[in-house]
Amino acid sequence: MATVNQLVRKPRQKPDAKSNVAALQACPQRRGVCTRVYTTTPKKPNSALRKVCRVRLTNGFEVSSYIGGEGHNLQEHSVVLIRGGRVKDLPGVRYHTVRGTLDCAGVSSRKQARSKYGAKRPKS
């Protein structure tokens with residue numbers, strides 16, 4: 001154990017926190033090109049076909065990104081914007097595609113939580 005005098009001279013170091021979204025490199029979002037669009041199954045106990053795309057980012061990283069919402073128009077070579085945010089039941093998927101920007105269309109017929117899915121306000 002360190003003495004008080006040693007701690008006065010050199011205080012204890014806090015370990016550096018590791019980022020969960022390293023590929024963003026401290027940016028809020030990053031642009032990239034879809035290299036593969038596919039569906040995958042979640043971990044137990046869930047069951048579904050989750051829509052995922054593999055994205056080559058402008059900084060050279062290649063990451064898996066979840067496509068939220070019902071239906072999408074993405075295919076290979078689509079340009080997308082990704083943000084941080086993991087999908088708990090898909091191992092290795094730590095990013096979300098931003099709906100309603102670049103080549104990714106918003107979710108049509110969305111009434112609630114529209115801003116999260118890039119949906120315009122419906123005409124009343």
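Cβ coordinates come from backbone N, Cα and C, glycine included.
Summarising the annotation, Swiss-Prot assigns region 'Disordered' to 1-22. Residue counts for the region 'Disordered' (1-22) under DSSP (helix as H, G, I; strand as E, B; rest coil) come to 7 helix, 0 strand, 15 coil.
Annotation comment: Swiss-Prot describes ASP89 as 3-methylthioaspartic acid, evidence class similarity to another entry. ASP89 (3-methylthioaspartic acid) falls outside any helix or strand according to DSSP and counts as coil. The 10 Å shell around the Cβ of ASP89 (3-methylthioaspartic acid) contains 15 further Cβ atoms across the protein chains shown.
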